[in-house]
Amino acid sequence: MLVIGLTGSIGMGKSTTARLFSEAGVPVYDADATVHAIYEGEAAFLVEAAFPGTTVNGKVDREKLSAKVVHDAAAMKRLEQIVHPLLYDYRQAFLQQAERSGAAVAVIDVPLLFETGGERSVDAVVVVTTTPEIQRERILARGNMTSEKLKAIQARQLPDAEKRKRADFVVDTSHGVDAVRTQIREILAAAAKMPRRRS
């Protein structure tokens, strides 16, 4: 089974691209959704122990947690040390299930794939991109986004140009969903011929 890592900076259209891979019959692991789930389950106690006052009724309050870690690199590192092992276990279980089901390709959707060294655990990397204007429009359309929060997120992400240089495939979401579907079909056809390179 070929494992594709799907990544892209904020506002590039990665979630839509992941959904379209899924619609094409490809199993997709969503790291963000898994984080949401573990914040309501097994990570809550660990997060509260490391960052007191960040849980409510046994669930992580993302806004309270964000306020404690967004501008503190050491705190962010501590949070990652809690979350990443749990995410790894879920991702491995997903990949085993996908392989057992006979999938030829599986996608892992990881926003910080390059930033965490995750590209070494996949066979190919797809980077999702768009124009800076469309990216900005999408980001500002999010009700909970502030310029301060955006700057903090962007500071943790590799620049789009660097991600595109390191990608095996680039999906441009600037031209609508049908264009993205076409690009996904082309990627899946090309990926079927690629050698496996996971370490």
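Every residue gets a Cβ built from N, Cα and C, even glycine.
Just so it is clear, the model here is predicted, and its values are computed rather than measured.
Taken residue by residue with DSSP, G11 (ATP binding site) is part of neither helix nor strand, so it is coil. For G11, M12, G13, K14, S15, T16, the entry in Swiss-Prot reads ATP binding site.
What Swiss-Prot lists as domain 'DPCK' is 3-199.
Neighbour counts were taken at the CB atom with a 10 A radius for the binding-site residues G11, G13; the maximum falls on G11.
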